[in-house]
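Taken from TrEMBL, the feature compositional bias 'Polar residues' covers 296-306. According to TrEMBL, the region 'Disordered' annotation covers 279-306. The transmembrane segment annotation in TrEMBL covers 27-48, 68-88, 100-120, 146-166, 187-210, 216-236, 337-361, 381-401, 422-441, 461-489, 510-528, 548-566.
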């Protein structure tokens, strides 16, 4: 009995058997460490198939370079966009624990389909005879293409569910009511990005080498085995996990508040004073007792609505036209929080559009260059090893050196704010695109001077030149992704945390989609006003890739100005908690 008294319950959390989670027994860094190990395996499985996919599609499925690039960006974009679904289901109906297990099983099935297709010759188009240049390579036909897309998009669905549930599941293990718990949670997000990089390192070195030298069936096979192994490892932590109880659909709350505000504005457009008196009436702020208990840690005003985004205060009315449109002050304030973080989210989309180039054109650039390092021949798809190694070096330094120093300097708990980290990443992305354009100018100059513009021979220039853009974009990714995930998790209302954290991945998705759209738009415009489009044809040496990179550099600069405007206006919700 004494032990039962000492182990207090975590309000709003349960263990894996739906029993109340207990302080001292559930949660903490040990529970989160299982998540970090699983993330290494999960990202290895995903990136092992995605990082080299552009070459698989062009060499074995016989798509053109631009078609291959678009398929990869659409696939990766869909995977990250589906993180919203994973986050929504985790918050609303299931838990982060269950969504991870379901998603891992779906990804396993998708990878199994891709492995079988890569292994069986009859499921791929006929081998292309490079000697016969008059006959174009036969692109994958409808039936085989259907199998390819089925495998890819099952993987995308699984990856989306995992990305939407695994990061918040780890972050849920910490007690945010104590400074130590908040510091541990901040360290967790840094190490989450570190573990992403560990999985990526193995994927873009060992697995890519296997794909290039032993066959793609082995590469997909390793991915399939890895995601399968991650499931029992995740289950090992079950006895010590604490999981947030789903609180119903946060999206319905958002739509309800917006609908009530719009309807009441229209209905009472000639009597706004009446609306505001109703809005601030204490009788309108009564909360359901169950909801009060489960959200006891929320720092949301319970009596009067704030003055920011005053339009939403019109959702508060004593006798709404329908009971479904009845809103509490707490719900209105939660929706205000979501609306305030959305401009920060939109400001990171262009950065992720820049990152999309690393999976497509940058690899194709490197494939035309000399990829030898001494006696070692480096596969082009292993290029991401540069930002990955850099992230793995800088993440512990950031956590153990930069952050403590910043805390002493600023005399604040957080040291460097989330928005400062995101802004640093955005500046690095501008530099990266300028460097990428200069490197492409140099690569094409070498191709012209060597008379190898129309040749498939490697150019007499080392692929290490392309590594510079990888280094800058890798650094940008570390600052922005870790900062963005922690920002969304800490700023979002408790009932919307998985969904908000998934916005980090959604930003990646929008970036990949924007990349596809930009390529299509650039080709349409330049094709209309010039003889050939900037980014079309089968030979990369005839592309005007440097102009595309300069365009990305300009867009990134404009985007940074847009970000500065919103970041300067933002007021942290969690500062009062920190103080």
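Just so you know, glycine gets a Cβ as well, placed from its N, Cα and C.
TrEMBL labels come from automatic prediction, so no person has curated them.
Below 8 angstroms of C-beta separation, residues 29, 32, 35-37, 39-48, 51-52, 167, 170-171, 173-174, 218-219, 222-223, 379, 381-385, 388-389, 391-392, 395-396, 398-399, 477-478, 481-482, 485-486, 489 of the same chain, each at least six residues beyond the ends of the transmembrane segment (187-210), sit close to that stretch. For the transmembrane segment (510-528), the neighbouring stretch richest in Cβ pairs under 8 Å, chosen from 68-88, 100-120, 422-441, 461-489, 548-566, is 68-88. Sequence-distant contacts of the transmembrane segment (422-441) (same chain, at least 6 residues past either end, Cβ-Cβ under 8 Å): 344, 347-348, 350-351, 354-355, 357, 362, 365, 465-466, 468-469, 472-473, 475-481, 483-484, 487, 545-547, 549-550, 552-553, 556-557, 559-560, 563-564, 567. Against the transmembrane segment (337-361), the recorded stretches 27-48, 68-88, 146-166, 216-236, 381-401 differ in Cβ pairs under 8 Å, and the greatest number is found for 68-88. Counting Cβ pairs closer than 8 Å to the transmembrane segment (27-48), the top stretch among 68-88, 100-120, 461-489 is 100-120.
Long-range contacts of the transmembrane segment (461-489) within the same chain: residues 167-168, 171, 185-186, 189-190, 192-193, 196, 341, 344-345, 348, 351, 354-355, 357-358, 362, 365-366, 369-372, 378, 380, 383-384, 386-388, 390-391, 394-395, 398, 418-422, 424-426, 428-429, 431-433, 435-436, 439, 442-443, 446, 497, 500-501, 503-504, 507, each at least 6 residues beyond the stretch ends and with a Cβ under 8 Å from a Cβ of the stretch.
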